[in-house]
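Participant: Okay, so TrEMBL annotates it like this:
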REGION    1-21  region 'Disordered'
COMPBIAS  1-11  compositional bias 'Basic and acidic residues'
TRANSMEM  53-72  transmembrane segment
TRANSMEM  84-104  transmembrane segment
DOMAIN    156-282  domain 'Palmitoyltransferase DHHC'
TRANSMEM  202-225  transmembrane segment
TRANSMEM  246-270  transmembrane segment
REGION    381-409  region 'Disordered'
COMPBIAS  387-400  compositional bias 'Basic and acidic residues'
């Protein structure tokens, strides 16, 4: 079954501090981890490539402006009762409608699934009192897929490492926006936005209006050329020469209609079979039954006659700002907290102990596994000069053996520490033996000197 995380784990929901009031509250969109661009205080949500919208608006508005000025204006006096104004009005109306659908599609939440602050708990493992961090060893034990039954058909849902959740059926992670989107269709570069559950119908209306606008302009350009040819009784080629604006618009709309018209026909097919572009390109339903197919009429009713799903994100809600530990500079280089401690020891005249930096990195791992290592004499933990290179190699090798947060790292570190304790104990025993031999030699020399004097 699909498991949803509690609402207090999601960054898009408001949270209120209980008593202290020391947490800084910010708007959700200011701390958003995706690549989206927000306007009007988080009311408008765009993709990271939102600037492409300006190019799209220009490609739509410029041809319509040329058409109204050089072609449609000439039809005003050609029909009785000024009915020729309707040619101009329809062109302007289609253009405005197209721009409205463009902005509605690109400026709204396409169906972003709020990411979790912590990974879900694996099944069969008791939940501890404290929440786990984002990339803990527990996450490596999560299954990559789960089975979910939809309309009697088993569907696999996948785990998203970035959002730390199991994506609902038909959802996918957009690498451009860096969000998981419900019923993900594709990321449209012309609109700079993902197309998903909440803006698909507006996207289809946008490309449909674009196709109708291209056909409308193309047809009336030919009508205007025909009007010149009949009125002046000249050939079609001479008529085209007399209206260069019509030639440019005929060529432009002919090329454009193949693009937007073909796209409109393709999405009509997708809606009739209840597929998305992402699913169609991956051939998901070629050999398997589509569990979401409701028939042609039911599929179109689902797209156009159902209410738009409400957004799962409240971008203007105030949430607690996540604490950020700023990195510090040590000798002009970035330093982690463990490296800062070592540098402080050096400045105080104390040589840093090797295992202390390891303990700093392990954190609570040693407490949980019971692998805390103590030593009576910290100076004995220093590796001998001839083994420094070998110890560094061991530490690197241990870090390479650490896969997905496994506990093998701490075990190998402790094993290395015990080995060094044994070696240092042997060195101390040798030193004691040498001291005893030297003391005995001193006693003998003193005894021999006294006998000779006697």
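Placement of Cβ uses the backbone N, Cα and C atoms for every residue, glycine included.
For each listed feature, how buried is it and what is near it?
Facilitator: Counting only same-chain residues 6+ beyond the ends of the transmembrane segment (84-104), those with a CB under 8 A from a CB of the stretch are 53, 56-57, 60-61, 64, 67-68, 72-73, 75-78, 191, 199, 202-203, 205-206, 209-210, 212-213, 216-217, 220.
Below 8 angstroms of C-beta separation, residues 63, 66-67, 70-71, 204, 207-208, 210-211, 214-215, 217-218, 221-222, 224-225, 240, 276-277, 280 of the same chain, each at least six residues beyond the ends of the transmembrane segment (246-270), sit close to that stretch.
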Participant: Could you break down the residues of the domain 'Palmitoyltransferase DHHC' (156-282) into DSSP helix, strand and coil, giving a count for each?
Facilitator: 75 helix, 19 strand, 33 coil
